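Colleague: Quick one: the structure is below, questions incoming.
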Amino acid sequence: MRSHSVRAELGEADEAQLQHLVAAEQQKAQFTAQVHHFMELCWDKCVEKPGNHLDSCTENCLSSCVDHFIDTTLAITSWFAQIVQKGGQ
Amino acid sequence: MEGGFGSDFGGSGSGKLDPGLIMEQVKVQIAVANAQELLQRMTDKCFRKCIGKPGGSLDNSEQKCIAMCMDRYMDAWNTVSRAYNSRLQRERANM
């Protein structure tokens, strides 16, 4: 493996572009990580024995599972925000 | 900095780095990490679904189950991915 001197430079415009591109990839990676997490929870809830295809019942279950998880997250977040507002007693 | 697979970061020898080539490296590394994650989780889930009391070796029904499980896991992945994407778009529309 070759190594490069750490002094190799990016022009200012290149650096800004790179930051932008990296931020975009980070966002995509976050999306993927979240899908992994949903799969962790929703597969067990929705899929019985794996068959030749996913039936519509299972597909609906998976979609609903995602929605319900997000609803749960929002509910807990707003509950917590209220607790914090009340001074955390 | 060194590239993940023994390649360089697109330095042209003049000391200037190319964001395009850097991003290619970054994307490959992210893709590899994601594939590893996917396989690990798929293996875990399909083992749980398909393997009962572990016997001497994987019998025919267990092998069939695992093969179907892998395909269903990918189908489920796509369904979940679409559902999440739709929800995000709905939330953005409501902002």
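A Cβ is built for glycine as well, from the same backbone N, Cα and C atoms used for every other residue.
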Colleague: What range among B:22-45, B:46-69 does Swiss-Prot describe as motif 'Twin CX3C motif'?
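Modeller: When B:22-45, B:46-69 are checked in Swiss-Prot, motif 'Twin CX3C motif' belongs to B:46-69.
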Colleague: Where Swiss-Prot marks phosphoserine, which residue is it, choosing among B:Ser7, B:Ser14?
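Modeller: Going through B:Ser7, B:Ser14 one by one, Swiss-Prot annotates B:Ser7 as phosphoserine.
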Colleague: Using DSSP, what's the helix, strand and coil tally for the motif 'Twin CX3C motif' (B:46-69)?
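Modeller: Per-class counts: 15 helix, 0 strand, 9 coil.
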Colleague: Could you give the Cα-Cα distance between B:Cys69 (disulfide bond) and B:Cys50 (disulfide bond), in whole Å?
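Modeller: Each residue's Cα considered, B:Cys69 (disulfide bond) and B:Cys50 (disulfide bond) end up 8 Å apart.
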Colleague: Cβ neighbours within 10 Å, counted over all protein chains: which one of the disulfide-bonded residues B:Cys50, B:Cys65, B:Cys69 has the most?
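Modeller: Of the disulfide-bonded residues B:Cys50, B:Cys65, B:Cys69, the highest Cβ count within 10 Å belongs to B:Cys69.
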Colleague: Which of the recorded positions B:Lys53, B:Cys65, B:Cys69 have a Cβ less than 8 Å from any Cβ in chain A?
Modeller: B:Cys65, B:Cys69
Colleague: Quick one: pull the CA-CA distance for B:Cys65 (disulfide bond) versus B:Lys53 (N6-succinyllysine), whole Å only.
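Modeller: Cα-Cα, rounded: 14 Å.
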